[in-house]
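Visitor: What follows is a structure written as structure tokens; I'll ask about it next.
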């Protein structure tokens with residue numbers, strides 16, 4: 001085994017956002033040297049890594065030159081130059097998840113076809129090269145309203161995804177390659193994070209549940225464990241493992257799923273990295289997702305994925321009415337509540353719906369955590385000065 | 001309230017060792033700007049703070065100049081220039097714990113006299129200006145063997161403390177001001193961390209117990225909660241609060257205590273900062289000691305001090321036979337054990353008995369945690385390359 005701890009070993013991270021920042025808490029804990037590449041010179045990872053480089057993650061030369069300076073390379077965002085990763089792998093630099101795996105996930109069309117080929121249950125879909133092709137298919141009734149539209153590339157945080165119910169909705173869609181999926185009437189939206197190490201050790205985290213706002217179509221709470229039957233949870237964890245194995249994925253894979261009215265589990269999509277649905281783990285789990293990611297990609301033994309206590313996560317997004325230098329209004333009020341931990345990502349400017357942080361609520365009693373989570377949600381506001 | 005989060009507010013930390021490093025995980029989590037001063041340019045805090053300054057913590061001008069750049073100042077080590085802190089306080093820079101409190105704790109003679117004045121139970125003692133005065137007192141039987149000898153200043157990690165049983169032991173003692181204490185036959189050595197905020201909110205952590213090696217006189221395990229009767233635990237927590245109030249202490253105060261054969265609780269000594277006996281809290285507590293320190297000194301609401309699970313801490317000290325570039329032998333073996341988290345402080349060179357890191361073992365069942373802790377202790381070795 002390589003000596004990672006207080007040694008000259010160096011881990012490279014492509015992307016310097018909040019996921020990278022939270023991963024750096026763990027590399028600091030283990031005293032593992034890090035280099036981070038991000039286009040934003042003020043990225044949340046700017047401090048706490050050993051070397052920060054400003055540069056374009058999609059630029060071949062930038063990524064190759066960065067990667068040559070590290071021993072193992074990973075990413076905290078899917079939008080990185082895959083050809084560069086392939087070149088680095090050929091040069092003997094370990095890249096986890098691999099370029100090959102990322103390539104299958106990066107494009108949602110390829111991702112969906114992969115599920116089909118591997119008998120992984122997923123909503124029926126069709127891929128269209130252009131918006132015109134999609135409109136043509138509608139006209140000839142090869143597809144019908146309503147459906148879910150997804151851009152095959154570049155989607156993030158709800159961008160690049162729309163539910164299309166009317167001709168009017170169609171007008172808003174941008175051009176470019178896209179995916180049309182059946183709209184699944186689901187009971188629950190679930191997620192399972194799978195950790196798979198270089199040598200193939202596999203562990204799953206408990207199933208989490210996204211609780212939606214009763215009227216606005218927006219996730220309000222990520223709840224661990226999901227309030228579902230054990231047999232459904234078991235099925236979801238098994239399916240998540242199957243997906244991870246099929247991709248020969250190394251590292252964390254967040255598998256988002258639908259539980260249908262008939263208790264079928266369908267894979268919605270995956271993220272090959274630590275994920276918003278695993279943030280609760282920092283406070284609730286024996287091994288949080290960021291530490292687990294480090295363990296998996298460095299081929300260290302995986303840690304215990306079970307929870308010490310129930311956990312709920314609430315995203316802190318910028319208020320719709322505010323843009324400017326951020327203020328976390330009433331943060332001291334939520335800090336009074338038991339088991340409440342705010343995480344502030346370090347973005348100076350708030351914008352409507354920008355992800356600025358999250359809050360974790362832990363409690364032995366999940367129902368009590370849920371009650372406190374609602375209080376948190378009703379108290380804190382991400383606004384701007386004046 | 002001041003706006004600390006993603007703002008221009010800046011917290012200064014005097015000392016850049018492992019305690020500072022673990023505090024920085026929390027300032028990063030809250031996106032609070034930090035400046036750190038330490039004499040060692042390779043100190044563990046070197047990265048992850050916003051500004052690192054190399055300089056002497058005992059030098060008046062260095063500390064004053066550093067302090068003038070921050071809004072609130074704290075320290076992670078007692079050996080700092082108190083006159084400089086007083087000057088900064090006069091200039092309106094908040095210093096927590098205050099210069100006045102630190103002054104009473106920094107010198108162990110003053111600290112012991114303070115306990116006497118405030119009716120805080122502690123072992124009987126005498127202070128001597130020189131080694132000669134001590135020898136004279138022995139000759140005239142004002143004191144008798146055996147006793148505990150402590151240097152009044154500069155003691156740290158067991159340095160500056162000796163149990164004197166014979167004339168031969170006496171010869172080893174250095175000159176300078178010292179304290180002679182009755183040797184207390186104790187059942188348990190306990191500690192309680194008290195958090196007290198600027199506005200006077202007070203919370204105590206559960207009592208922890210130091211378990212000693214059966215033959216070597218060395219703490220092997222810090223165990224939370226202590227395996228003692230509830231009424232003894234209650235007494236210890238109440239006494240710790242009394243000590244914190246008496247010092248008008250702001251921030252964390254670690255109160256080390258003896259439980260005598262008669263279940264009396266005597267204060268041994270205090271540390272006005274996060275403490276080794278609270279490291280278990282990172283994994284076991286709802287609010288870890290480092291986050292609590294930030295909350296207390298910034299006058300934020302204190303967090304829940306109770307534990308999610310049982311916690312045991314094992315120090316990782318350099319092997320007696322090794323000096324040189326560090327290797328953590330068998331670290332991957334302990335990482336396989338459930339609920340085990342190593343913390344590596346980031347010191348490149350190991351030396352006999354140097355504190356290089358610690359390991360936390362958490363489990364719902366404290367007896368099981370204790371069993372695993374022994375396995376950890378018997379597996380990992382801090383050695384040097386060849």
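Using the three backbone atoms N, Cα and C, a Cβ is placed for every residue, glycine included.
Whatever TrEMBL says is automated annotation, not expert-curated.
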Visitor: Given that TrEMBL lists B:150, B:181, B:182, B:183, B:184, B:189, B:268, B:269 as binding ATP, which residue among B:94, B:104, B:108 does it place in the same site?
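Guide: The one candidate that TrEMBL places in that ATP site: B:108.
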Visitor: Could you tell me which of these binding-site residues, B:108, B:181, B:183, B:189, B:269, has the fewest other Cβ atoms within 10 Å of its Cβ?
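Guide: So among B:108, B:181, B:183, B:189, B:269, the binding-site residues given, the one with the fewest Cβ atoms within 10 Å is B:183.
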Visitor: Give the three-state DSSP assignment (helix, strand or coil) for residue B:183 (ATP binding site).
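Guide: In the DSSP reduction, residue B:183 (ATP binding site) maps to coil.
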Visitor: Pairwise over B:108, B:150, B:181, B:182, B:183, B:184, B:189, B:268, B:269, annotated as binding ATP, what's the top Cα to Cα distance to the nearest Å?
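Guide: Comparing all Cα pairs, the maximum is 19 Å.
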